[in-house]
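Asker: What follows is a structure written as structure tokens; I'll ask about it next.
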Amino acid sequence: MSSTPESTPEFRSGFACFVGRPNAGKSTLTNALVGQKIVITSSKPQTTRHAVRGIVHRPDAQLILVDTPGLHKPRTLLGERLNDVVKTTWAEVDVIAICLPSNERIGPGDRFLVTEAAKVAKTPKIALATKSDLVGPDRMAEHLSEIAELGASVGIEWTAVIPVSATDGFQTELVADELVKQLPAGRPLYPDGDVTDEPEEILVGELIREAALEGVRDELPHSIAVTIDEMGLREDRPADKPLVDIYANIYLERDSQKGIIIGHKGARLREVGANARRQIEALLGTPVYLDLHVKIAKNWQTDAKHLRKLGF
Ligand SMILES: Nc1nc2c(ncn2[C@@H]2O[C@H](COP(=O)(O)OP(=O)(O)OP(=O)(O)O)[C@@H](O)[C@H]2O)c(=O)[nH]1
């Protein structure tokens, strides 16, 4: 049984997905709707296998904003074809919101995304003219008519077309209202207060765990847990040279296990770090700085508090 409140007839809950080329304003809008900069939590509800970016809690609804796996990585976006996982996500959400920045002309990248989204015929689609604060009324009018044409050219009938500014807050509530309208009636899927569940971090943690277990599985079969303290793009890097900083902890159950992971003068830990980093770089498509620490959480497998902290 879930501990979430009973659903009332009016309450709606469901999933929305922001789609858009890089820099279209998806993250900023997600943060604006969620109402705070996304913080990392370890909530892992069983109700969804989607990658959750943010959760909007309202008295009348719970709107869950999900990520399109891989799509925010330009490398995969520019591949010839969206993979099945993306299409599956789009088919499973209740509404797709396509972000088209007002200060830029609609380009091949947008056209590609919209063409692919049109193939997910049943899902309602909303067009968002993002960054509305950057343009005047004439340019906005032109943009809106281009959006209408774009929809028509691929057979999308926009459920709504909304100019929005995530930085000014202009019409962000309206965006939430329109998204919520497309959700089915249902009870909240996440506990109150949860705002996100960062799946990429979970994957990264798993890669570190695997690297740490490599070759010592017999000695430490279930004794390793990994937490990610911090993960984010380093600021002040040139756009074409991104670097992701990751601060992670490897938790062991007993002091006596430390030596196995760390090795002689730290040699094994360095190897674990290098192996994990290679895998993570492949996953994220960006160079990574990985900072690994080994810690002890005594008997974490049998300690409820530790288990919670470690995300189980
Ligand atoms: N003026 C203005 N700038 C915005 C607005 N929304 C986003 N931006 C800026 O546009 C840039 C890209 O915004 P993001 O939210 O990171 O865009 P994104 O679509 O998530 O980008 P990717 O993660 O690369 O896919 C950032 O510099 C934002 O500050 C807006 O409403 N107005």
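Yeah, the Cβs are placed from backbone N, Cα and C, and that goes for glycine too.
Unlike curated entries, TrEMBL annotations are predicted automatically.
According to TrEMBL:
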type	residues	note
BINDING	20-27, 67-71, 130-133	GTP binding site
DOMAIN	12-185	domain 'Era-type G'
DOMAIN	216-298	domain 'KH type-2'
REGION	20-27	region 'G1'
REGION	46-50	region 'G2'
REGION	67-70	region 'G3'
REGION	130-133	region 'G4'
Asker: What is the three-state DSSP composition of the region 'G4' (130-133), stated as helix, strand and coil residue counts?
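Answerer: Counting residues by DSSP class gives 2 helix, 1 strand, 1 coil.
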Asker: If you draw a 10 Å sphere on the Cβ of G20 (GTP binding site), how many other Cβ atoms land inside?
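Answerer: Other Cβ atoms found within 10 Å: 23.
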Asker: Filtering G20, N23, S132 (binding-site residues) by proximity to ligand 1: which pass a Cβ cutoff of under 6 Å to any of its atoms?
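Answerer: The qualifying binding-site residues are G20, N23.
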Asker: Should anything in the same chain at least six residues away from the region 'G4' (130-133) have a Cβ under 8 Å from its Cβ atoms, list it; otherwise answer none.
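Answerer: Apart from its flanks, the region 'G4' (130-133) reaches 20, 24-25, 29, 99-103, 140, 163-168, 170-171.
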Asker: Using a 10 Å cut-off, grab the number of neighbouring Cβ atoms around the Cβ of N23 (GTP binding site), all chains included.
Answerer: 16
Asker: So which of the binding-site residues is most packed in, judged by how many other Cβ atoms lie within 10 Å of its Cβ, out of K26, S132?
Answerer: K26
Asker: Take the region 'G1' (20-27) and count its residues per DSSP category (helix H/G/I, strand E/B, coil), listing them in that order.
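Answerer: The region 'G1' (20-27) comes out at 2 helix, 0 strand, 6 coil.
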Asker: Note the mean pLDDT of the region 'G2' (46-50), expressed as a whole number.
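Answerer: That stretch averages a pLDDT of 37.
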Asker: So, by DSSP, how many helix, strand and coil residues make up the domain 'KH type-2' (216-298)?
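Answerer: With helix first, then strand, then coil, the domain 'KH type-2' (216-298) has 29 helix, 27 strand, 27 coil.
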